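Encoded as structure tokens, the structure appears first; notes follow it.
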Amino acid sequence: MAPSGPRSIKRGCQRVFYWIPVLFIALIVAWSYYAYVLQLCIESIEDTGEKVVYLLAYHAIFIMFVWAYWQTIFTKPMNPLKEFQLSHSDKELLEREDRGESQQEILRRIAKDLPIYTRTNSGAIRFCDRCQLLKPDRCHHCSVCDKCILKMDHHCPWVNNCVGFSNYKFFMLFLAYSLLYCLFITATDLQYFIKFWTKGLPDTQAKFHILFLFFSASMFSISLASLFIYHCWLVCKNRSTLEAVRAPVFRHGTDKNGFSLGFTKNFLQVFGDEAKYWPVPVFSSLGDGCSFPTCLVNLDPEQPSSPSGSSSASKR
């Protein structure tokens, strides 16, 4: 029991360390709010109409941006349902078997009653030793969270959370609104940034906030635009970041487009089938995260389509 003390201290320090990138983003956003609202709009802009329009538009974007960021950070990643976890008797049976082939035979027997179509590169059933469960399709074990995450995309240090089935829509909206936030600041700050160089601004501390606000917003816009475009491409192809790096393996072999159902269905799978919820950071994705319809036609007809035996495609 002695080593548990140092291990718990180490885990505590790691948890604190993981929040540093989030704190950094929070400080940047807080400063940008102060610089834009107080130093630019209130102190530097003289036209009242322009000032009101800028403030109203800014706060509308700011609220959506912070809301999406909050949801991405604090939405708990979903884990596999209990149907995918080994029973006590199955665990004991698996532990008694030394040979890999015998263990695979046990896992294949269990998987026969589950909607599992993907395999490892060697064609074996995907099993997590840490969580003691059969991995659903598109599920992966996160070494940082030390859990299996449904439709895991990646672990993002900037939100200190796994991006997966439960919060991927929030992550997409976070990218979209943060990009819009930076572009709006860049566009509305541009004329005052030019005045800085042409000596058109009064010699106050506001001029330096305006200068750095333009530089930081424009630089963040470039990085956010590239990341947002990449994830839009992933949504259109119905792939996760992990699947883009390593294509999923099915019983018939590797297929990078195995889960792609066409642009419209791919988009709806992430954002839901009710358009009024698309721009709002509330959960509206389709499905349960454990089973996904595929474009493949040569699946095992005896394999169920969901843990309960009902068709996952019919739910969608």
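Backbone N, Cα and C atoms are what each Cβ position is placed from, and that goes for glycine too.
The transmembrane segment annotation in TrEMBL covers 16-36 (among others).
Packing against the transmembrane segment (52-70) from elsewhere in the chain are residues 25, 29, 33, 36-37, 41, 45, 159, 170, 173-174, 176-178, 180-181, 184-185, 188, 279, 281: each is 6 or more residues past its ends and has a CB under 8 Å from a CB in it. Taken from TrEMBL, the feature transmembrane segment applies to 52-70 (among others).
Under the heading domain 'Palmitoyltransferase DHHC', TrEMBL lists 125-245.
If you look at the transmembrane segment (170-188), the same-chain residues 6 or more away from its ends with a CB under 8 A from one of its CBs are 32, 36, 40, 54, 57-58, 61-62, 64-65, 68-69, 71-72, 75, 153, 156, 159, 163, 213-214, 217-218, 220-221, 224-225, 227-228, 231-232, 235, 270-271, 279, 281, 283. According to TrEMBL, the transmembrane segment annotation covers 170-188 (among others).
Look at TrEMBL and you will find 208-230 (among others) tagged as transmembrane segment.
For the transmembrane segment (16-36), the list of distant contacts is 58, 62, 66, 69, 73, 144, 157-160, 185, 189, 209-210, 212-213, 216-217: same-chain residues at least six beyond its ends, Cβ to Cβ under 8 Å. Beyond its flanks by at least six residues, the transmembrane segment (208-230) meets 28, 32, 34-36, 39-40, 44, 172, 175-176, 178-179, 182-183, 185-186, 189-190, 192-193, 196, 201 of its own chain at Cβ-Cβ distances under 8 Å. Across the domain 'Palmitoyltransferase DHHC' (125-245), DSSP assigns 67 helix, 16 strand, 38 coil.
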